[in-house]
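Only one structure is covered here, and it is reproduced in the block below.
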Amino acid sequence: IAAMQPSTNWHLEENGRDHHTSKFSSKELIVRRGQAFIVTFNGTEQPEQNLTFIAETGPKPSKLAKTQATFGISSTVSKESWSAVLQSTSSNSVSISISSPPNAVIGRYKLSVQSTSSGSSSPASLGTFILLFNPWSSGDDVFMPNKAECEEYVLEEFGIIFAGNKNHINSFGWNFGQFQGDILNICLSMLDRSLNYRKDPATDVSHRNDPKYLGRVLSAMVNANDDQGVVLGNWSGNYEGGKSPSSWTGSGEILLNWKKSGFRPVRYGQCWVFAAVLTTVLRCLGIPTRTITNFSSAHDADGNLRVDEFYDASGNHLDRAADSIWNFHVWNESWFSRSDLGPSYSGWQVLDATPQEESGGIYQCGPASRNAIKEGDVDLDYDCPFAFAEVNADCMYWNYDTTTGKKTLMFSESTVIGQFISTKAVGRDDRVDVTNDYKYAEGSKKERDTFKKARRKLGLEDKFDPTAPTPQEIDQKPDISGKFKVAGPLEVGKDLNLILVLANLQSDAKTVHVNMTAWSTVYTRRPVHEIWRDSISVTLSPKEEKQFPIKIPYTGYQQQLTTDNTIQATALCHVEGGIQVLVQRDITLDNPAIDIQVLGEAKVNKEVDVEVTFTNPIDMEVMDCVLQVEGNDLLRGILEIDVPPLKAREKSSTKFKLIPFETGPKHLLVNFSCDKFADIKTFKMVNVVD
């Protein structure tokens, strides 16, 4: 090869189209493994058959570690190794088609060419390209046969995340933005900042062909624990010194902030933020991924498939156990094969980047095969017992005497955990329920057998557990039953009206002393502020049912509400001569609505007006109003608009302009905050035409 530097044409447009990477806005070639791409270069004076190519990645490329490949021009594509096939030549340029094996290491490669005939001439660099996973290729571990699913789980930048509680599911939009600006480079630098890479860079890079390895490493890197990862968790209800977790509308701002700050953790996240960022990173690298919301999700800290909750005599939910039941929890599923476990465990794998429990000494979780969870095969890698408990644990509710430390079981439940497990539909904005993919029908014999099998595999069936309730405690029957009914709207800004319904189940009269409390909580049901308490004594005639209306005025909870808008109401009923009965209800209040209108047709490179309207529903002024807007291909970065204070019942209208720069269906996401309402969200699909 002559001393001159060859110039390379990477055929960005054609390769991008063939490899489903044209959504990346990069000047660097981005292709997927196990599939051919075209490169043309000049500056070689040699006959083609004398050329050798070198593709290498990582700090110490080696053939043994499969981070370096040398290959000449051959007549056919090899399935097992890198190969090059001649496309065409002209007097001074050569076009070749390069193929990588379907199990190649992913990441940034250097490509060089060397002439074999001229002896020891050093290789000439053709430049760099990035290799990603290929769900469209049948030889890849992440192969996904259904094309519509590839579109949704790899190429779709907009998502819907479900939240709320099991009685009241709500949802909000999210901008994953995996193809925007610098995101791919940030994802690659995330891999280079992991603990594994720091320990042994060459070995770490050689494992980057394996989606289960990368999924596990990234589940650790998305949280800040252990490794100065991307997002710092905060569940205190106080988010000073950062952004409240519920104020984010997309992953891009978080990832860019992480890089801009010199890779210092971004404040603050909660489960859906960790899950959404992990979705962005995995989709970006080509691993099909989605977010999953589990309602009434167990956090079983001690691995006994049981969650214990404690209440004092006044009915206060005590924050004394490591175990908890979250109103909802969001994690990820990624799609890949499990050669380590066998074909029946391939498909969707659970990954969870929320730092809840350590695994292998650090905060990481998964991949746990969803099929293994359903079948109770909790002895299989990775973190199956924790994921199994999230959807299956039994609940024990104890009365705890704070002076003596004595605990008494009030009741236990085996069907309350893991309900309405939800994800966004493929190609639509609807909710799809996947509960049956995680477990057999609650109450069925198969479901109880699977639970027993899991307990057996964890060695829980045969060892004595001093903290477990006795069979006598479990079998005791209460004399009364109780429930909270909602009477009226569940909206921030309105009084909260509940009815406590108590029923005597016996044929003799019962006297009951009821201690009631209501606390504002975080969505994990962690109590934050007491907002109301009351107590009553009642006598119930045989089989009698009585109703007691409860009213908590807006002024009584407004100051104490967290950004999650959640309240837990509890009634602890002391029945004379009988066992105590706990009645509780978790309430999620809805924010008032906000509305977006696009005024006119959205056309590429033309201004279009957007109007956001909000009506203050309460009898007081709201201040500190901020509107934040984002949307890929509609505006660059995030638009923040300060909105003037709104008097009682006043309607505001805010207008701004967009200049869309791509055609097709795009999503505009809006978040509105003020001193009385946190993070009111909505989104609008905008169809941009030529």
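Yeah, the Cβs are placed from backbone N, Cα and C, and that goes for glycine too.
Checking the ranges 1-23, 231-253, 461-483, 645-667 against TrEMBL, the region 'Disordered' annotation falls on 1-23. By a simple count of nearby Cβ atoms, those within 10 Å, the most crowded of the recorded positions D352, D394, E442 is D352. Here C271 (active site) comes close to W326, F328, H329, V330, W331, T354: these same-chain residues lie at least six apart in sequence, with C-beta atoms under 8 angstroms from its C-beta. Report note: the Ca(2+) site is defined by N392, D394, E442, E447, and the residues of the same chain whose CB lies within 8 Å of the CB centroid of those residues, excluding them, are S414, T415, I417, G418, K439, R448, F451.
The CA atom of D352 (active site) is located 17 Å away from the CA atom of N392 (Ca(2+) binding site).
Of all Cβ atoms in the protein chains displayed, 27 besides its own lie within 10 Å of the Cβ of H329 (active site). Listed in sequence order, K439, Y440, A441 are the same-chain residues at least 6 apart in sequence whose CB falls under 8 Å from the CB of E447 (Ca(2+) binding site).
Averaged across the domain 'Transglutaminase-like' (263-355), pLDDT in this predicted model comes to 96. Within 10 Å of the C-beta of N392 (Ca(2+) binding site) there are 25 other C-beta atoms, taking all protein chains into account.
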